[in-house]
Structures are given as C-alpha cells and as structure tokens.
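Report on the following structure.
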Amino acid sequence: MVIADGILTPSMSVLSAVYGIKTKAGGLHDSYAVLITCLILVGLFALQHIGTHRVGFLFAPIILLWLLSISGVGIYNIIQWNPRVVSALSPYYVYKLFKLTGKDGWTSLGGIVLCITGAEAMFADLGHFSQLSIRIAFTAIIYPSLILAYMGEAAYLSKHKEDLQRSFYRAIPEVVFWPVFIIATLATVVASQAVISATFSIISQCWALKCFPRVKIIHTSNQMHGQIYIPEVNWMLMVFCLLVVIGFRDTDMIANAYGLTVVIVMFVTTCLMFLVIVMVWKRNILAAFIFVTVFGFVELLYLSSCLAKVAKGGWIPLIFSLIVLSVMYIWHYGTLQKQSFESHNRTSLDMLLSLGPNVGINRVRGIGLIYTNVLSGIPPMFSHFVTSFPAFHQVLIFVTFQFLTTPRVSANQRFIVSRIGPAEFRLYRCIVRFGYKDARKDSYAFETDLIETVRVFLQHESDDGDARDSVSEMPVNQHESDCLRDDVSMRAENGSGAGLTRCKRVRFCGVDNSKELEDLEDAREAGLAYMMGNTCVLARETSSFVKKFAINIVYGFLRRNCRSPSTALGVPHTSLIEVGMAYRV
C-alpha cells in the first residue's frame, strides 16, 4: 500500500494543484491541465537521481512558506466571511454532525480523510530529521496552520456554497492568488518527493529481506543510510503515475483511491504497533491493547467509509497491492527454495579433499574465483562443474560477499581469508565485506586486492614458522555448519566486524609456504577466471498447478528480467564461467 501511495500521491497532489489554474482560466481544457501535470511529474522523477540531499535545502523553506501562506489566507477568510467558525474546534460539532446527518455523515468520512493524508508519510522524513524535530514542527507549525486553513475555507464556503468544487483556490484573495498557486505547486512536488523516498525505502528493505527481485540501489548520501535512489523503481513509478493521470483525469476518482490507500496504511501501522509495544518496547500488553483499540477504532470508521467507494476508484490500490504482494511472495518463496536446495545438496569438504590426480581430476594453471552464498562446504554448482569437467584451477578461492548496513568498511577489514584443507590443495575461502557507501572497484582492482590479501595471509603464516596453528576450514557436521552460517548472517546484519568466521583450528606442520606463494604468483600470471551458478528453479512434476505457475512462470520471468548477479557484482563477461543448474523444488 505504501508503494501504491507512491503512485497516487504525486498524481493526486500535482493534478489538484494544476487544476487550480481553471479557477482563473475557466476555458482551459482538461487536456491542457493533464499535459501540464504530466510534464511536472516527468521533471520530478527525472530529478530523483541527484539525491534528496542536493535539493533538500529547498524543502524546508518551500513547506514553511506554504504553511504560512495557507494559514494567512485562512485568517483572512475567517475575519472576512465568518469569525464564528472558530467554534468548530469544539468536539461537540463532531457529535452534532453525526446526529443530524446519520448515514450521510458516515459516508462523508471518505472525503474528510483527505484532510489528514500526508501524516502516514511522515516516517519517511525520519531518514532526514530526528523524531523530536518532527514532533515540534508538527505541533507548533503544521497543525495550527492546517486548522487555520480549513477553518478559513469553511468560513468562505458558508457564504459561497456554489464554489464547493474549487473552494480552496476560490477562497484565495485575488491579489495573492498566483504567488500562492506557485507555492502550492512547489509544495505538492515536495510532498510527492517524501512519498517517493518512502517507496524507495520500502523496496530496499524488501530486497534486503529477499522479498523483491534484485534492483540497483544507489545511496545518495554519505551520512544517511535511508537516502537512496532505485532507477528501475523510479521509472516504473513515473509510468504508473502518468497512466493514472491520463487514464482517470478525474481528481475525485483518484482521491477515492488515495484515501483508501492512506487509511489502510495507517490502520496496518496501528496494528503492527501492538507488536512493537509488546515485543520491542516491552510494555504492558494492556497498554498495547488500549492503544490499538483507541486509534484502531477511529481508523476503522474512516476505512469502512472508504471501502464504500471501492467501485469509484478505490479498486486501483487494491489491485496494484495484490499484484505487488504476489510478486514479493513468489520471489521470496522461490529464493528460499533455492537456498534450501543449495544448503541440503552442498558437497562435504571430505569429498573435495579426496579429489586428486588419482581420480582423474586435473589442475590447470590460473586462479579460479568461485562466487557462492554457501559459507561452509562446497556449493552444488562447483560439484556439478567438476563432475562434468574433471578439472579446476591450480588455485581456488571461494568468495562470499556480505553487504553491511555500515557506511564503509576499512580496507584492512574488507577481506577475511581462511584456508580450506591442507596447504597442498591450494584452496581458500574469502569473505568480502562492503559497506553501503563503498564504491565497487573495477574487476582488475578487485582481483589485485583479493590476491594480495591471500598473499599477505600466506606470508603471515610463513613468518610464524613452519610449525604453527593455522586457521583452517575442515569438514563439520550439518548442525555445526548451519550454526556457522546463521552466525555469519546475523553478524553481517548487525554490522559486527569480529568473529565473522568460526573455523576449527588444525595443526599443519612443515608446510612449504614459499612454494605456496610461488604457485600463487604463477597462477596469477596465468590468468584469472570467475565461476558463478546460473540456476533455473523449477517445480516438481507432481506439484500443483498453482505452484508450477508461481515457480516456473512468474519466478522464472522475474529471475530472467532482474539484474543478474554478475552485473550486480561487476564481473567481467569475458572471464565469466556460468554453470547451469536446474533445481527441482
């Protein structure tokens, strides 16, 4: 629903602002208003790549000027048309409204909800401001300005009921109309920016939870983790916004969809707050129940009214959210099935250590980088390759990438190298860690740093003497292997730099490190190749039709059309070996 909000908020806000021109140019055709709206939306999305921090300094002045403008216009209208309207602050008139209007009053809540839209997007600003600053701004500036603006509009309508459809712009005094109109248009752009940023944030979190296909995430700020830009999502949002504006043109239908979206977001947030209060804040369950009851009851009133307008435009966010939810669920399910298959079908280290010249395995010159997500044992992709082509490079390095939530990882903590098995096998495992602001080096620089780290690792062992304790990875049982993998994942998520690998210590005596260093340099001169799996996840023949459709068609389509792992990691195409694998899940 937040993603749907990212489509409807720019469409609704910009189109409503542009329609204000018709109050001064009654002969203006709707097509011109739609054209102007589309141009503004294209410009808005085209500027997303520069990052919020580059234009963010304009947001506060624009919004502050906007709030002062509408509060000033509100005060003027209250004094000019109906000073008694200030009595509307009394809750008594809420009771009186429902008593006099009955069902019609309940129906009107679907329109009244538009007065509070925008509050649901305030969480997006937490990426830019502190909680205290938002509370002070809302209490001292935003709320009073909105109250004055709405009371002023009500005062104007009490004397000009015929202007109901365009009351906001009609209520603006002639002398300040165009300045206020320009400020209103700029304010809608800022409001749209906040929701677009929130959409990027939601997509980023879904991707991190393996609930969304791989996309390109660009962090536009060195300080704020939440300030990101996703090109694919940005242009898709723009296309959907244009389709909504061009397809409907009617702000009433878009408003119905917009109101339903906002109320559902707020109600779901309130329900989730029950879990936060009980499980995160460790407060009394009764306090959590009272919170959900009070706020949930009010939101359910608005939600029930908005549901009555599903046929009048409210179906738009419901259909869109259903499609997005289905895509997220299928991608998450397919990814988990793939990882489960690789985990249960990985080859033990005993099997690899037993391979040698006596069983027909040849070692060819060069270094092989095996990219894998498996943190212990041998990935099934490599086992499949060796079975089909009984040869691999004289030096093998199994590489696993971990992307942390810290901005940068220092150079001396980027690579964590360990040995797999005895030294004569020339097998190593390397965990490569990146912060979200670390620039991905080109392939040549990455190769140089990685091999240099392995060389330093071997040199350090050599300096310690011929007989020493060497951190080496040996076969472990299934339970210990799963614990190791979970331990590494948890530490990666928490940004911990210590203890990322927990390997058994085995004593190797009399290992000739000079020969090992010589072989590493010789392999480096011979060339380097990358190996990655190109997996095809398929449902079993005995699976249901629904599972076959989800896995074979939907998941397969998403996998083929999202960013490939080699592209995301910057692997040079000319040095890439892709091993095809078919997983039946």
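Even glycines carry a Cβ here, placed using N, Cα and C.
Features as listed in TrEMBL:
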DOMAIN    1-353  domain 'K+ potassium transporter integral membrane'
DOMAIN    366-584  domain 'K+ potassium transporter C-terminal'
TRANSMEM  32-50  transmembrane segment
TRANSMEM  57-79  transmembrane segment
TRANSMEM  105-124  transmembrane segment
TRANSMEM  136-157  transmembrane segment
TRANSMEM  177-207  transmembrane segment
TRANSMEM  228-248  transmembrane segment
TRANSMEM  254-278  transmembrane segment
TRANSMEM  285-303  transmembrane segment
TRANSMEM  315-336  transmembrane segment
Can you tell me which parts of the same chain pack against the transmembrane segment (228-248), counting only residues 6+ beyond its ends and a CB-CB cutoff under 8 A?
6-8, 10-11, 14-15, 34, 37-38, 41-42, 45, 48-49, 51, 196, 199-201, 203-204, 215-220, 254, 313, 316, 320
When only pairs 6 or more apart in sequence are counted, do the transmembrane segment (254-278) and the transmembrane segment (177-207) reach 3 or more Cβ pairs under 8 Å?
no
Mind pulling out the one from 32-50, 136-157, 285-303, 315-336 with the most Cβ pairs under 8 angstroms to the transmembrane segment (57-79)?
136-157
Mind checking which residues reach the transmembrane segment (285-303)? Cβ under 8 Å, same chain, six or more beyond either end.
106, 109-110, 112-113, 259-260, 263-264, 266-267, 270-271, 273-274, 277-278
